[in-house]
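To start, the structure itself, in structure tokens.
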Amino acid sequence: MSNKRIYKIRRGTHIPEATETKAGTIIEIKEEKDHHEWDRPREFVFSLISNSVGLGNVWRFPYLAAKNGGGAFLIPYFILYFLIGAPIYYLELALGQFSSRGPATAFILAKGWQGVGFAMIINSVLCMFYYNVIISWALFYFIASFRTTLLWKNCGHWWNDERCFVPSIGSSPFTINGTMYNCTESQFFNNTKYSCQPINAKDRVTSTEQFFFQLLLNKSKRFEDFGIPQVYPALSLLVAWIIVGACIIRGVKSSGKVAYFTAIFPYIVLLVLIIQSSLLNGAVEGIKYYVIPQWELVAKFKTWQAAASQVFFSLGLSFGSLMAYSASNTFKNNFFQQMCIVVSCDCLTGVFAGFTVFATIGYLAKELNEPVSKYADSSGPGLAFITYPEAIAHMPASSFFSVLFFLMLLALGLGTQFALTDVPITSILELFPRFKSNRQLTVIITCTISFLISLPFTCPGGIYLFELLNQYGANISMIVVGFFEVYTIAYIYGFNRFMNDVKMMLGKRAAEYYLFLTWCIIAPVIMLIITFSNLVNTKRMSHSASAGYEAYEYPDWSVIVGWCIFIACIIPIPLVFIVNYIREYFALGRKEIIQTIDSSTENVSQYDNKYFEKPRYIEAFTQNNLPRYDWGPKKSINHYGLYAHLKSIESNEYMFLHDALSKSGINGYFNGSFQKDYIHDRSTSEMSEERF
């Protein structure tokens, strides 16, 4: 093909019929190669449930509910689910399905705001690192449960020391007026025989605590005593990453099948556990503590703050996993109906799990003659790996229920971990299309690198790093990213335009008035208030004396590290905006030079359109907020209506690429992120590649 012919194809002025057919063939081949869809819609739904219904529903929600008003906590919880959780969930599913893109490229709907997608990826990656550490702990406990007598049921093992004791009625240290003594209540009142001395909480450690902190973690006394990776947690982490890699190696084709188990099995176990625990002595007292409302706490801002953080973390918002999953849907899939199912399941699962947890805590408190409040303060790892295993150890058939419980934790954790890990993999394949034919290799490399990066968590000081990352990474940053996500769609791209995109998929502007109120008004305001209050109330992390460890306050430098983690989670948003603004500014400068030359040769009046002319810095800002030239549905079959122009763009670019490569004999690949000269009226030599 001559240079003249190439020029005509690039400018779109003439496309011969034979060429059009050839281009269509190239596009079809590429789309077939990129074909990556769910086998069945229910696999998508189960994967969403598996992603959203995670460990936070079991170990975080019950603790927050009991601490922030019991049954009254459900009021702010349900309200924020309705005003923030469901609308953003809808947004992420709609955006991913419409564009068939993950978070790395979905935000080309506003060129300068693609940093929102990159921030989601960073949130997902950081959470992915430490979340799989929790799964590795559950895996260790699961394997250790296959014994007649559970290893944490009693003392006398090589990891126990003289401080170890097994809690039971009569064996707990006696406490009076806030002072703990190294003897039981009966011994305390028999001073003639026993010499009881005041002790610190660190001088008595339960067998369950020593199993977790001494055997599994080998926890150091300070963050500074970090140490080297330990054998048991490192091996458990390796196996956990192997499981994750094996289950997602074929993408939604494999993870969709695993989702049948990870989504359904936890509900079966929760049902079994709630029936079993509700029959135990003391279960009623535990459930009362959980459900009896404390109405005065509802008026406190701290309660609403806790509810908002739980909504974000539980639904998996701002991680990009929802976009990555919905990008594999068919264009006409009814995601709105699926969203209603998943959000309802996630919302009610936390409430349901609370009954199981507090019935068990009530039983444990009754068995040990302790108040329910002593164990109700446990959350996170403390609840899942200390309090609950201790309760199970006192149950009949303890090994059986231990296997069930930790298998349930594995199923809950793995479902979320699959989604988190899929985000960076999807992003790599989108940003570097050459790897699309090597997805399996990409998965293996990603999981291997993630394992190596996660190894510090298996060191004696790793638990301190875990808690630091849990506090600063993927916490406040999730709400910040959620705010910019809603702002970009509702105000930059435009609420009306996005609802028209939804209509292309569903045939209607589903839940339009509800979304207008939440996206444009209520959700941004609430997220701003919560973000600023979180930032203002942030303080240095500390631990009280417990489990054989003295009270500890994190070093000063940990605050700096924590804020660096937070900034790293959100920095892509302003950074990408600034970089793209500068590029638009200089691109407009080049365009002005070309227009000046054209106007001088064509004798165009210098006063034409001067009234509407904008300074370059303002025009660059406007251009920065516009969609990229190739924004729209990714598949050519959906290029109609407002996006019909994408057919000619795609035909032109692939024909030019095919002819150019075949003539030059270059073996290469084409990155679909090029900004073509026929859009911006540039010459061939001025064509530049857009990364953002």
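Cβ atoms here come from the backbone N, Cα and C positions, even for glycine.
As recorded in TrEMBL:
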- VAL53, ASN57, SER314, LEU412: Na(+) binding site (BINDING)
- 74-95: transmembrane segment (TRANSMEM)
- 116-144: transmembrane segment (TRANSMEM)
- CYS155-CYS164: disulfide bond (DISULFID)
- 231-252: transmembrane segment (TRANSMEM)
- 264-284: transmembrane segment (TRANSMEM)
- 304-327: transmembrane segment (TRANSMEM)
- 339-365: transmembrane segment (TRANSMEM)
- 400-420: transmembrane segment (TRANSMEM)
- 441-466: transmembrane segment (TRANSMEM)
- 472-493: transmembrane segment (TRANSMEM)
- 513-537: transmembrane segment (TRANSMEM)
- 557-582: transmembrane segment (TRANSMEM)
Selection from 74-95, 231-252, 513-537, the stretch that has most Cβ pairs under 8 A to the transmembrane segment (116-144): 231-252
Cβ neighbour count within 10 Å of LEU412 (Na(+) binding site): 29
Separation of alpha carbons, CYS164 (disulfide bond) and ASN57 (Na(+) binding site) (Å): 31
Spatial separation of SER314 (Na(+) binding site) from CYS164 (disulfide bond) - C-alpha basis, Å: 36
Chain residues outside the transmembrane segment (339-365) and at least six past its termini with a C-beta under 8 angstroms from it: 45, 48-49, 52-53, 56-59, 61-62, 65-66, 74, 77-78, 81, 85-86, 89-90, 93, 267, 270, 273-274, 277-278, 280-290, 310, 314-315, 371-372, 374-376, 378, 383, 387-388, 390-392, 394-395
CB contact flag for the transmembrane segment (472-493) and the transmembrane segment (264-284), at least three pairs under 8 A: no
Lowest local Cβ density (other Cβ within 10 Å) among recorded positions: VAL53, CYS155, CYS164: CYS155
Inter-residue Cα distance where the pair is CYS155 (disulfide bond) and VAL53 (Na(+) binding site), in Å: 35
Inter-residue C-alpha distance, CYS155 (disulfide bond) and SER314 (Na(+) binding site) (nearest angstrom): 36
Spatial neighbours, same chain, of SER314 (Na(+) binding site) - Cβ under 8 Å, 6+ residues apart: SER52, VAL53, GLY54, GLY56, ASN57, ARG60, PHE61, GLY85, ASP346, GLY350
